[in-house]
Amino acid sequence: MATQVNPNIKKKHFIGVPSPLGYVPGLGRGATGFTTRSDIGPARDATDVVDDRHAPPGKRTFAAQHAAQKAKNQEEEEEEEDLNDSNYDEFAGYGGSLFASGPYEKDDEEADAIYEAIDKRMDEKRKERREQREREEIMKYRQERPKIQQQFVDLKRKLSDVSDDMWNSIPEVGDARNKRQRNPRHEKLTPVPDTFLAKAAMSTGHVNALDPRQQHMGGFTTPYPGGMTPGVSTPWGAATEVDWRKIGEARNTLMDIKLNQVSDSVSGQTVVDPKGYLTDLQSMIPQYGGDISDVKKARLLLKSVRDTNPNHPPAWIASARLEEVTGKVQAARNIIMKGTEVCQKSEDVWLEAIRLQPTDIGRAVVTQAVRQISGSVRLWIKAAEIEEEMRAKKRIFRKALEHIPNSVRLWKAAVELEEPEDARIMLSRAVECCPQSVELWLALAKLETYENARKVLNKARENIPTDRQIWITAAKLEEAQKNNDNVNRIIDRALQSLRSNMVEINREQWIEDAEECEKAGSIITCQSIIRAVIGVGVEEEDRKHTWMEDAESSTTHSAIECARAIYAHALTVFPSKKSIWQRAAYFEKNHGTREQLEALLQRAVAHCPKAEVLWLMGAKSKWLAGDVPAARKILSLAFQANPNSEEIWLAAVKLESENNEDERARRLLAKARASAPTARVFMKSVKLEWVLKETEKAQDLIEEGLKHYADFPKLWMMRGQILEQEGKTDAARDAYNQGLKKCPHSISLWLLLSQLEEKLCNITKARAILEKSRLKNPQCAELWLESVRLEWRASNRQIAQSLMARALQECPTAGRLWAEAIFMEARPQRKTKSVDALKRCEHDAHVLLAVARLFWSERKVNKAREWFNRAVKIDPDQGDAWAYFYKFETQHGTEEQQEEVKKRCNQAEPHHGELWCELSKDIKNWRTKTDELLPMVANNIKNMF
């Protein structure tokens, strides 16, 4: 009986389907494979999964487990001790560690630390020799194999001596190519004539007839077989003959016909120029350099915007500008004109249409625009700009003012085109139409007479009571008419009126207005404004500080009268402040005349009689003007106000000594020593006797002075210098040593003693003195610098370099050390060193001077001049900077520039600087003035090349 299959039973989906890759039957329930004798090899592959379900991810296959076991066995083998004889040495023992497998305890760690310290100590003992040997090897290697740059250093330096004529005489490099390569000839392509082409065609064709010449001279006498056969009556030669010349003529005729067809028969002008046809085609290429697909997308997008919202003006403007950018100007014009039809009340669309159209069509467009939008100021101004004739511009502006009488912009544009008389009439109407416009009122006041201008300004104040410019203009008007008393009243009334109308008084704005008045020449108005507003909004305790800042600010803005007015007001409020008088005096000294300075100083000493500096400034001003009796009189008055004043005594001595009154100076110093026996008085007394070559008297005065002031180092210095000048070096050394016992922190005494030993060729002793001085005075840049220079002068370059490195570590912000370090480097490394110096000491005059000298050595004249200016501005008391600057200008500048530097140096009166003090403190030059000393110091400077 046959079995029936139930059709409702569903068939499993995996029946009849091949098993997936890596499938092992029964693996999910823990079944394992087995091996029979018939099997060859392992029952499982290396990629089979292991039985351990909890195996780590890297060990879930037999291959991974086998690799891990193998690596573990290899590590164990490596860790085993190698005790073979081949690994044993009689001195060092076994190559490996015998106790590597043992535990590492704390004793082992201490022992390793001890051995490591011993090795480090032994290495330090040999470090110096090893480094010396390495340096010698490097030096030897560099000598044997120098760089190309080092090989040509001497030759490069010699290039500085090459003159311009020598450069020009160097011959040019010749051309080694042959004649054909030097003068290549272009291939000449000559067009082949049509007759030649006809002959070539005939040579390849078949000819069945002979011309009469060939019949006469000889040829075929028997007809060609088949030639007389019916159907071939036409000769073949006639059928294949082509006239190429006629074809060429026909081609030219056809081109002429086509060009004539596009000509303009009405005007007689040819639209297409036959000669410039290609040029015109090139000009029609769009200049847009973007992607064409982006243009198409933008065009479609803008078209969609125009269609969905046709009354949106920016869409029409953007579409027109897109076409303009892509070079389709006509399409842009068409789009924008269509936009004017849709958006008739859009000012921007009309302006864009006017811009895109030519001038003639633009006039018609702007006419339509002002008809549609008669109240647009921009359209009327654009209409006037299109016109070229002045009469048409005026007519347009007048027409515009009929439609828009309250437009200040139109009134101003219309007035600018008129003559003064017509402009006055128009402004009279303008202020009626625009009574709130300050500019129109002020412009009308300028064109009116004095009486009418006052009326105009009064009307302006009535209409605009909150504007300060009307009041200031009224004050200027009164000053122009010499009514100076009315100026102060107008400014005071202005402040009262503005306050009553709830207007805030901004002192900064008023001070700016005062500066503008000064630039316009209204000095009285400027001073009145300053007096009226300088105290507005300033606290009582901040007045002095704020006013001094205002004066400095006005000075920097070149508003000298404003600054003078501020100082004058401050002195009326604080008449007994010596600092304000002193600032005012320096201001007058720099920006005023000598008469103004002397008048100010007279008032100053009347209010501050105890201020010695003011007396001295007055005396010096008289002395510089050549009025010595007046200077003596001022000093005598100063003595009465300040008896026994050291500064006034010394100023009187200087006045007499500078005017060759040596005996009077001696008597004054004797009186000073009796009444005011200070250390400086003794020093000046010694110096006067020294310069007058009275050394015995000078020594006596030094002895007397040291009894009172044994800790004053300058007396010890002068004693040693006088002895050194007389050749008594041992006595000078004793004087310096005694002085150092009393003044161990005097840097100049240490330097003088060291330089004395160096002069006596005692380099070791000089070095020891400087080392001792550095211990007594740590972080002293002057002592480090002298130590470096001592080694450098002794040709110990390496020691000097190491000392400089230590000095920069101890004094990282010492500008003079960085300046010296720059020029101690080789030329290629100087620029890098200068950058480091500027990072450390950006505002140090010594570093700025070193950078300027560096640019000078590289012949970068403009940069060097700029850095010299920076150096003398940041420290005008540095005489070396002025000397280098003057030396630079003598080589690279004009006479005017040299005189300018000398004038600025004379005003600064520098007193410091190594080169400067070397000559200025020499007793031979004790009467030499600044302008005479500057060229002397500059001449002692070596050239930078």
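Cβ from N, Cα, C; glycine included.
TrEMBL does not curate its annotations; it predicts them automatically.
Annotated by TrEMBL as region 'Disordered', the relevant range among 170-189, 890-909 is 170-189. Sequence-distant neighbours of the repeat 'TPR' (845-878) (same chain, 6+ residues past either end, Cβ-Cβ under 8 Å): 815-816, 818-819, 822-823, 830-831, 834, 837-838, 884-885, 888-889, 892-893, 904-905, 908, 910-913, 916, 944-945. Listed as Cβ neighbours of the repeat 'TPR' (713-746) (distance under 8 Å, sequence separation of 6 or more from its ends, same chain) are residues 679, 682-683, 686-687, 690, 695, 698-699, 702, 705-706, 752-753, 756-757, 760, 776-777. Across the repeat 'TPR' (845-878), DSSP helix (H, G, I), strand (E, B) and coil residues number 27 helix, 1 strand, 6 coil.
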